[in-house]
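What follows is a set of notes on a single structure, which appears directly below.
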Ligand code: FRU
């Protein structure tokens, strides 16, 4: 891993702090110069092995959690320390959902967050929509996280687009709302006494690209998936998120530190369009108890010239170490490097800085070659259980780009839209290994 030019970063940091503070954006915190790039050299080592390849899932045999909705990205209600919360004997999960008669590829355009609850952490009862009608920001809501403390739930989510917009936009803002949680025999689990929904983070155009910058020739844009984290070493609280490295494509280029060692660079070609791949894992530090104010910090990891989307970043701590996980797709790798749809991870002794790819190449879980899109959106629980959703399966050799051209019935038949079999991984120092397949939707 390469640490960026510290002096340059500090100057940028100071300048950015001035600009940002005067523009009424969140102020920048310490840590400039600590971002590490997942290099092309490291990514070129990606290999599917017995330790990182999930078993084949027979998608056709997995029963949907609810016949009425497609269910995809899912997260549990957690305690402040990251452990899974149990409220009066119930575990609660939150999922992106859309009516199951919507074509699977269209679901992102109308995503809504619903909740489910369960006594055994495996059989999930649908509770309903989380937010009171019309209160959530955005024309749709994308992934987030939820933390409960003393009966008050803090919801973090992505507000995508604007409510009532005529044309679907891809603006993404990170939002927080809170509510009391109640459990009753009559109504099951309900949320009441809602706060306002408050935008807590938007890209500032220094470390994180704004949509306007991204629209000047980039492939896609991301500023989403807020994930709450309390650092057990310091008690400080953070939001991690998926972003893109700052700048327009005209301002960016592939630098040696994005590519790798001198030896590797001597024999490695970097196609020009690789610079359009600028996925990043962002972080911001909470500055008030309400978790409504944050200082934006330089990214933990960037994948400049390597990968376009580092989705749903989250951390598991073990021993003295921070394990940083993220999801990406095979079609998000830059030309000249390749990897499967999978869960990738990095390890460091400090929350900020020093991240090295787990297992040398970063690959933790991949779909099996014969079913390359069977699951997605993996999330690692503190005990090593990994949850994900059943995505497109048994595609008979078709790629993800072919799906939209198939008859509608075929698209519905080959999409899961429910939680996939969970997996258990072991984590030892800088190595991980899939050790077990569990039942679908297991959060334990
Ligand atoms: C990953 C993802 C998330 C986003 C959601 C939108 O599956 O791309 O990053 O919040 O899907 O549906």
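Heads up, the Cβ atoms here are built off N, Cα and C, so glycines get one too.
Quantities reported herein were computed from a predicted structural model and do not represent experimental measurements.
The active site, nucleophile feature in TrEMBL is assigned to 73. Taken from TrEMBL, the feature active site, proton donor/acceptor applies to 311. Here TrEMBL flags 72, 143, 224, 225, 309, 310, 311 as substrate binding site. Residues or ranges marked as Ca(2+) binding site by TrEMBL: 278. Feature annotation from TrEMBL assigns signal peptide to 1-23. TrEMBL lists 225 with the feature site 'Transition state stabilizer'.
Screening the binding-site residues 278, 309, 310 for a C-beta under 6 A from any atom of ligand 1 leaves none.
Taking each of the binding-site residues 143, 310 in turn and counting other Cβ atoms within 10 Å of its Cβ gives the largest count for 310. Spatially, by CA atoms, the recorded positions 73, 278, 311 include one closest to residue 224 (substrate binding site), and that is 311.
Annotation note: residue 278 (Ca(2+) binding site) sits in a coil segment as assigned by DSSP. Cα proximity to residue 278 (Ca(2+) binding site) (within 10 Å) is found for the following recorded positions from 143, 225, 309, 310, 311: 309, 310.
On a Cα basis, the residue listed as 'active site, nucleophile' lies 6 Å away from residue 143 (substrate binding site). Distance between Cα atoms for residue 73 (active site, nucleophile) and residue 309 (substrate binding site): 15 Å, as a whole number. Looking at residue 311 (active site, proton donor/acceptor) and residue 225 (substrate binding site), their Cα atoms lie 7 Å from each other.
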